Amino acid sequence: MADRKFNFCAGPSALPTEVLLQAQAELLDWRGKGLSIMEMSHRSDDFVAVAVEAERDFRELMSVPDNYKVLFVQGGAATQFASVPLNLLKLGAEADYIDTGIWSKKAIAEAGRYLKVNVAASAKDNGYACIPARSEWRLSESAGYVHYTPNETIGGVEFLDIPDVGDKPLVADMSSTILSRPVDISRFGVIYAGAQKNIGPAGLTLVIVREDLLGYASDSLPTMLNYKVASENDSMVNTPPTFSWYLAGLVFKWLKGKGGVQAMEAINCRKADKLYSYIDDSEFYANPIDLSCRSWMNVPFTLKDDRLDQKFLQEAEGAGLLNLQGHRSVGGMRASLYNALPEEAVDALIGFMQDFAGRNA
């Protein structure tokens, strides 16, 4: 579509144009039923079929083992900062958390309201530019689980491997990396992910939880946050965000049509490599993150003169490159390269950056 621009927003992020066109075509009359899917009962046979198919496709894409439940819940990933410790409280009154940036710090602060948090490793001392080596972690023997954030969207720091935490359940906030590459789900106890990066629109959160962890919830856990209750009710304890669930299902179909997460891994690696290579070769732009832990999904960068920041953003928008401003807490620029952002968007961004640098060096 000629009027579609390239959206580099960190979230809510770009959605596949093909998905939006299908949703548009079905908006008023879903598959000849005479009503929108937004108007349909979540307990109707038609919507239940949509929900079941979405879960089946997600399981196939992520190779989710049979002994894991997939939950479609509400509240965003931030709600999971409380849900995780409350659902796992009876594993132990202490948990290990790895601090690699703003989102892991938020998870630490919230969990600290319900149990003792041991910050087993922190990137604070290196300015959150590098993930602490596994040999530096100080895991607690009494911890019930270990939590980490594989990708920090604001700082642009990412774990490129799954950390080994022994027999402790590993919990991960995969909001910004889910579906971007294959993952060995069996290495985890719980994975959660807000939808608005690689899954679909905001309003939905996916939780993957190993079945044997469903019986460890706090007795005071609110019903709507209880993984076991959600599992027993097929994620429909109350009315779910049906439109977000439906759109997520369309995204899963789109991903399968593109070759699945294996194909996305190659594309995403290529997109990130292109942009980092240009930044590293440039004397006008810089990326502060250590080479060993640069994010594929979120690429922060600065200009050599920050007085040019607003000019850069204004001209980029005029060139059809949207939402490149860095997070308000760190400034600078940030290009988010989620699945739905095509490779030509990265090529267009690099072309603009070259032109801007040439005119403002």
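Cβ atoms here come from the backbone N, Cα and C positions, even for glycine.
Residues annotated as L-glutamate binding site in Swiss-Prot: Arg43. Residues or ranges marked as pyridoxal 5'-phosphate binding site in Swiss-Prot: Trp103, Thr153, Asp173, Gln196, Asn238, Thr239. Look at Swiss-Prot and you will find Lys197 tagged as N6-(pyridoxal phosphate)lysine.
Sequence features, as recorded in Swiss-Prot, placed on the structure.
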residue : record                              : Cβ contacts under 8 Å, 6 or more apart
Arg43   : L-glutamate binding site            : Met236
Trp103  : pyridoxal 5'-phosphate binding site : Thr149, Glu152, Thr153, Ile154, Asp173, Ser175
Gln196  : pyridoxal 5'-phosphate binding site : Gly11, Pro12, Ser13, Ala202
Lys197  : N6-(pyridoxal phosphate)lysine      : Ala10, Gly11, Ser13, Thr153, Ser175, Ser176, Ile178, Met297, Ser336, Tyr338
Asn238  : pyridoxal 5'-phosphate binding site : Met224
Thr239  : pyridoxal 5'-phosphate binding site : His42
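Residues Trp103, Thr153, Asp173, Gln196, Asn238, Thr239 are the ones the record ties to pyridoxal 5'-phosphate, and the longest Cα gap between any two of them is 31 Å. The secondary structure of Arg43 (L-glutamate binding site), as reduced to three states from DSSP, is coil rather than helix or strand. Asp173 (pyridoxal 5'-phosphate binding site) is surrounded by 27 other CB atoms, counting those within 10 A of its CB over all protein chains shown. A sphere of 10 angstroms centred on the C-beta of Thr153 (pyridoxal 5'-phosphate binding site) encloses 26 other C-beta atoms. In the three-state DSSP scheme, Asp173 (pyridoxal 5'-phosphate binding site) falls into the strand class.
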